[in-house]
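Asker: The structure is given below, and queries will be raised subsequently.
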Amino acid sequence: MLEGKVAVVTGGGQGIGAAIAQLFAENGMKVVIAEIDEEAGVEREEMLRERGLDVTFVKTDVADENSVKNMVRKTVEIYGGVDVLVNNAAVMSVKSIFERPLEEWERVIRVNLTGPYICSRYCAEEMIKRGGGVIINIASTRAFQSEPDTEPYSASKGGLVALTHSLAVSLSRYHIRVVSISPGWIETSEWKKKSLRKKPDLRPIDHEQHPAGRVGNPLDIAHLCVFLADDEKAGFITGTNFIVDGGMTVKMIYEE
C-alpha cells in the first residue's frame with residue numbers, strides 16, 4: 001500500500017518527473033517535488049494542490065550536497081520522513097566531443113550521476129529510521145545505445161544503471177530496495193511548465209517504428225514507478241533495470 005507514504009521526486013516539476021509526482025499523489029502518497037526550476041515547481045505544486053493532492057515543492061539542486069541536505073531536512077519537517085526516492089532530475093548535452101568544454105561534461109555527470117548518489121545517501125538515512133524504503137533511478141536506453149554527440153549523457157545513464165545494482169546490494173541490509181527504469185522515446189511536450197508546454201509534433205513514422213506502435217508518454221514510466229514503489233506488489237524486485245521503450249532496443253534495423 002502506498003497510502004500515506006512519503007515520496008521525493010527530483011525533477012518533479014516537468015516531464016517524466018511531473019507524471020510520477022502526480023500518480024504518486026493520486027495513489028495517496030505525500031510528495032515532495034524537488035525541482036531546480038522554481039517556476040515549474042510552483043506551477044506543479046499549485047496544479048496538484050488544486051486537485052486536493054498532498055504535494056510540496058522544495059527548490060533543489062541535486063548537484064549541490066547542501067541543497068539536497070536542506071531538501072531532505074524540509075521533507076522530514078513537513079512529512080516526518082522519507083519512504084520512496086525517485087532520482088529523475090537530469091540534464092543533456094549534445095555537442096561534438098571536439099567542441100564540448102570539460103566543464104560541460106562534468107556538469108552532466110554531476111547532475112545525472114553524482115546527484116542520484118547524493119540524494120540516495122541522505123534519503124536512505126531517513127528510510128532506515130522507518131524500517132526501509134525504495135529508491136527508483138530514472139536511467140535511459142542511452143545507457144545501452146547512443147546517438148552521436150551524447151557522450152556525457154550516455155555515460156551518466158550507464159553509470160546510473162551500475163549505481164542501481166551497487167546500492168541495491170549495499171542497502172539491502174536496511175530493507176531498502178533499489179531499481180532503475182530506462183525509458184526510450186518519451187514525448188514530454190504536454191508535461192512541461194506552461195511557458196514551454198505545447199502539443200506533440202510527431203509524424204506517423206515516429207510511432208510506426210516502435211514495435212508497440214507508438215511513442216511513449218510520461219505516464220508509461222509513472223505507472224511502473226507506482227508498481228515498483230509498492231512493497232506488497234514489488235517487494236521481491238531489487239537491483240534490476242526495466243527498459244520501457246516500446247520495443248525499440250530489441251528491434252533489428254535494416255536499410256532498404
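Yeah, the Cβs are placed from backbone N, Cα and C, and that goes for glycine too.
Got these off Swiss-Prot a minute ago, pasting:
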- 9-33: NADP(+) binding site (BINDING)
- SER140: substrate binding site (BINDING)
- TYR153: active site, proton acceptor (ACT_SITE)
Asker: Hey, does DSSP put ALA21 (NADP(+) binding site) in a helix, a strand, or just coil?
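Answerer: Once the DSSP labels are grouped into three classes, ALA21 (NADP(+) binding site) ends up as helix.
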Asker: Just name the winner among ALA25, MET29, ILE33 (the binding-site residues) by count of other CB atoms within 10 A of its CB.
Answerer: ILE33
Asker: Give the sequence-ordered list of residues that share a chain with GLY17 (NADP(+) binding site), lie 6 or more positions from it, and have CB atoms under 8 Å from its CB.
Answerer: VAL9, THR10, GLY11, ILE33, GLU35, VAL86, ASN88, ALA89, ILE138
Asker: If you measure from the C-alpha of SER140 (substrate binding site), which of the recorded positions GLY13, ALA21, ALA25, MET29, TYR153 fall inside 10 Å?
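Answerer: Candidates kept after distance check: TYR153.
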Asker: Do you know offhand how many angstrom separate GLY13 (NADP(+) binding site) and TYR153 (active site, proton acceptor) by C-alpha?
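Answerer: The separation of the Cα atoms works out to 20 Å.
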Asker: Between VAL9, GLY13, ALA21, TYR153, which of the recorded positions has its C-beta surrounded by the fewest other C-beta atoms within 10 Å?
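Answerer: Among the recorded positions VAL9, GLY13, ALA21, TYR153, the lowest count of other Cβ atoms within 10 Å belongs to TYR153.
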Asker: Quick one: what's DSSP say for the residue listed as 'active site, proton acceptor', helix, strand or coil?
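Answerer: Looking at the DSSP assignment, the residue listed as 'active site, proton acceptor' belongs to a helix.
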